[in-house]
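According to TrEMBL, the domain 'Apple' annotation covers 183-262. Look at TrEMBL and you will find 286-308 tagged as transmembrane segment. The annotation domain 'Protein kinase' is assigned in TrEMBL to 365-616. Under the heading ATP binding site, TrEMBL lists Lys393.
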Amino acid sequence: MRLGLNRITGLDRFLTSWKSKDDPGTGDYFHKMNPTGSPQIFLYKGSTLYWRSGPWPWQTSSPAATVSLDFKYDFVNNEDEVSYAYFANDPSIISRVVVDNSGLLQKLVWNDGDLQWKEFWSAPKYRCDKYAQCGAFSKCGPESPNNSNWFECACLPGYEPKSPRDWSLRNGSEGCVRKESMCGNEEGFVMMKRLKGPDSSNAAWMDMSMSSSECEQACLSNCSCTAFISMNIDGMGTRCLAWYGELMDLVENTYEMWDLNVRVDATELATYTSKSEGFLGHKRQVAIAISTVVVPLFLVSFIAYMCLMKKRKTKRTLKRKLQNQSLNFIGFKGSLEGNELEDSSRHPDLSIFNLSCLVTATGNFSPTNKLGQGGFGSVFKGQLSNGQQIAVKRLSKNSGQGIEEFKNEVVLIAKLQHRNLVKLLGCCIQEEERMLIYEYMPNKSLDSFIFDHTRSSLLNWRKRFEIIIGIARGILYLHQDSRLRIIHRDLKTSNVLLDGEMNPKISDFGIARIFKGDQIQDKTTRVVGTYGYMSPEYAIFGKFSTKSDVFSFGVILLEIVSGKKNNGCYHKQDSLTLIGHVWELWREVDWKAIFFSVAWLVCQLREEYEVSLPKI
């Protein structure tokens, strides 16, 4: 049995409970893979998390998985799928996994002796098995029936109860909060042994063959990193898993083998270090604390006072120099005041952002804020100090988009104003960084909907038609109605973004070209774009015009209507793309196979054309 997500087809395999013992209808509980971050398996009650396995790889996801020699487990996580399966080593063993109507996940094995199913293992069993029993930044400990004052929840080092009153009443659901804020203050890590790793939905794997010390330094360099685990994985070497944000659902037990390194400040680190060493007396600890805190504090205060005046004097000069360099680079005149860097509403054409502003807004470009990855770099979600959400396109230093493409995209979008074109809020050119700041599109790109088996159901035909019309309006504006005639040259579903109301907006103008008023066609020796969406004359000869964008729009139209990717294979013998397949159907006069979806779309949109499905 294999559960998980096929990333190519969108097929998601999961288990659901019966409605009751006698009613096989869909119940309240379901057992499902969560591919976000480091993959895990969850047990849900409706939309609420009920139980969670350990993070990937699940070498210790359950006691049975650890000690049993009767079953082997197979975990797959690649571009095609993320899934897991288990197999009996002995073919004569009959087993199954079920979720009963009470929310109990069980592995059952058939007993030939009494002809009954016997429980091999089950979850959840204990109070600490319930998801986030003790909230964030705390661990749930094993039960102690002999201790009348026993409370299962305990805050992690450096944290304290968020609600002391609830904590005193043996209610830890609110979790814990950090005692002191920190970042770059000589903090370190305290190791918590034998834990079930935290919920890894907000975790990311670092590079292979990274030592524990290298993993520690990588985590320290990112203020959003709260903990890490360094481990050896059979056949994969040493791997480092880092968490960014809250640490949820930690459980202390006797069978998990995770040693979690929790980030703490210098004071907390010194406390735990002295406890572990166990030879420093109280007076000596006080003396060391005074000498290591008071003396450096005096020196730092003196140096800070001397530097403060100089810093104040040069700060405005440096800011204005940076801003003027950026503005001169992209062809704008004038400068912005320092306090206006984050307020794009005061400058509708363009704002220049400081690198420090974007680092703060994106959580130091935390992997958990990453929206996507393209050929030219990554896109991150951020929030400015005024609460405005933004999307930051951070160009890779070795990306194919050079300085001219970057300048081209800034100048073009700053001059274009249309509801179906993405809005550029500003840019950042500082040190080696080049970034573009756009309005945030909460529904991401069109391809994430139409090619996803689950999310595609959210786009009925009326909405698809509205998206098609919106894209067409945007292209018409570029070709005919704007002050400049612009050829996009890279129109595709991933470059069509969707706002909160599912309105389409064309994005990514890095390789667009401007035509003069009487210019019809141009030619280039550097063909760039995405194969499958390029017109033949552009892909082969480098010739492009407004017709090139119209060709790309036609491909997008077919993909929206059919829900299939153009670069797929739709005829095994001839290996045809979607366009080739449609053309063959047209030549064979099998037009119904092409236009069935289109006809149904029209009938849904116009009441006077409403007919039944069989008539179509």
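Each residue, glycine too, has its Cβ placed from N, Cα and C.
Please treat TrEMBL annotations as automatic predictions, because they have not gone through curation.
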How do the residues of the domain 'Apple' (183-262) split into helix, strand and coil according to DSSP? 12 helix, 38 strand, 30 coil
Students should find that the Cβ of Lys393 (ATP binding site) has, within 10 Å, a number of other Cβ atoms equal to 25
Give the mean pLDDT for the domain 'Protein kinase' (365-616) on the 0 to 100 scale. 79
